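Features as listed in TrEMBL:
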- 62-117: domain 'PHD-type' (DOMAIN)
- 122-148: region 'Disordered' (REGION)
- 122-133: compositional bias 'Basic and acidic residues' (COMPBIAS)
Amino acid sequence: EKVSRFIEGEDVLSHGKDGLFYLGIIVVVDYENERCLIQFEDSTAHWSLYKDITKLKLPESDDLCVICKSSKSWDTNEIVLCYICEQGYHQDCLQPRIGKEYCEPDSQWECPRCAGHSAMEKEERKKSRESSPRKQRTRPQHQHQSEENNKLVLPYDINCLTWDQGHKSNREQTYCYCG
């Protein structure tokens, strides 16, 4: 039985045939062929093999809301993680609002995406997330991180790129402005 390293709704970088990385969101995971259908900002979609997909790494303490893409959390509007896929949602970003009882660390709240899957699919998602770095850490109750900590990490060192005078392209041709 194959377990995917990726889940639907996950933001990833897809390594294109041109050598550039493109930001997209996984819309379908093909476990059997170890590939994902990735949709990009321009609404195009492309199949990418697992080996050509890079997960976006967040600073260890950041949970992002899938809907508003913010990691800010308040007493009255915390980010609640789905216990199956570990995707985060602000309490107020979903209707009906996520109840306060699901803000407890051991609560078992299901996001709308996981609630619509079969028991077998839910179990596969839980198994694929068991090795997640989020599973090994404790969540602070409220996070008020600076904007600097909210940035995503690219799979290369952006400071090592040689830019043209207008800072629009670089000699290495490894950075794109798709996001």
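Cβ coordinates are placed from backbone N, Cα and C, and glycine is handled just like the others.
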Per-state residue totals over the domain 'PHD-type' (62-117) - DSSP helix, strand, coil: 11 helix, 9 strand, 36 coil
In the predicted model, what is the mean pLDDT computed over the domain 'PHD-type' (62-117)? 86
